[in-house]
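Working notes, beginning with the structure itself.
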Amino acid sequence: MEPGTWANRTTVTEFILLGLTENVRLKPILFVVFLFAYVLTIGGNFSILAAIFVEPKLHTPMYYFLGNLSLLDIGCITVTVPPMLACLLPPQCRVPYAACISQLFFFHLLAGVDCHLLTAMAYDRYLAICQPLTYSTRMRREVRGALVAICCTISFINALTHTVAVSVLDFCGPNVVNHFYCDLPPLFQLSCSSIHLNGQLLFVGATFMGVFPMILISMSYAHVTAAVLRIRSAEGRKKAFSTCGSHLTVVCIFYGTGFFSYMRLGSVSASDKDKGIGILNTILSPMLNPLIYSLRNPDVQGALKRVLMGKRPPE
């Protein structure tokens, strides 16, 4: 680079988020819709947490992980939706560089813990169904805490790696982000320096945060399926599968939208589609999780009714 070139370059100090739409008439409608979705998600996940806390029947490893999942869903949607709502009101949404990088870090931190926590939940189902005699010992409180700590540590390393790698990129030209929150692919499109290393890190991250967990989940459920099929009674098979159905539904929604978002880095024209995928990943999935886990679960339903009606659980 020639001397003086750095002096002639303009450093980006803020980003302009285009948000979900540039249609002025549509913005108030979207504001109301997503505010309602946010309140519903927060209320639903806090209700699940309250139900797990007050209902003795739900003081089990499976619901310990579900409680942590609810906390993560609250965190994930809070990182993205309130800033998005704030951007729907003014004519232009300006986000300081530091705020954008911070949002990216916390989103990947929480979403990464989500990935590995779903794996821990699959392992819990494997032990409960395939190793029932040693389940209580293998999934005791210390083990559950260690699994959650491992999930947080792996995700922290991944999120910090991506955040540092993005923070050293040069943003010296356009600063308009065609998204409703700061994320890796739209920021890569704005960088005026090489993103080759970032692309490699994203591939490695996707392997550790997506591919490996999916392999472990698949292996767990392969063993679960084999064990359930050996159960002779239809009622027994139905009961065993019912404890796994909710988790599998959440896994499909979460990983389906996540993989589709991050496996198409070279597609600039797909940015508008990415917004729709982002809504599924950051809003719809956390909003549906409480419904999915309570819809066919009489214990959770009973606990939720007692929480909402202010009744004490039976002795």
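Heads up, the Cβ atoms here are built off N, Cα and C, so glycines get one too.
Listed features, source TrEMBL:
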| type | residues | note |
| --- | --- | --- |
| TRANSMEM | 29-53 | transmembrane segment |
| DOMAIN | 44-293 | domain 'G-protein coupled receptors family 1 profile' |
| TRANSMEM | 65-85 | transmembrane segment |
| TRANSMEM | 105-123 | transmembrane segment |
| TRANSMEM | 143-161 | transmembrane segment |
| TRANSMEM | 201-229 | transmembrane segment |
| TRANSMEM | 241-265 | transmembrane segment |
| TRANSMEM | 277-295 | transmembrane segment |
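Most Cβ pairs within less than 8 Å of the transmembrane segment (29-53), among stretches 65-85, 105-123, 143-161, 201-229, 277-295, belong to 65-85. Counting C-beta pairs under 8 angstroms (sequence separation of 6 or more), the transmembrane segment (65-85) fails to reach the transmembrane segment (201-229), with fewer than 3 such pairs.
Proximity of distant same-chain residues to the transmembrane segment (105-123), defined by a Cβ-Cβ separation under 8 Å and at least 6 residues beyond the stretch ends, is recorded for 62, 65-66, 68-69, 72-73, 75-76, 79-80, 147-148, 150-152, 154-156, 158-160, 162-163, 181-184, 209-210, 213, 216-217, 220-221, 247, 250-251, 254-255, 258, 281-282.
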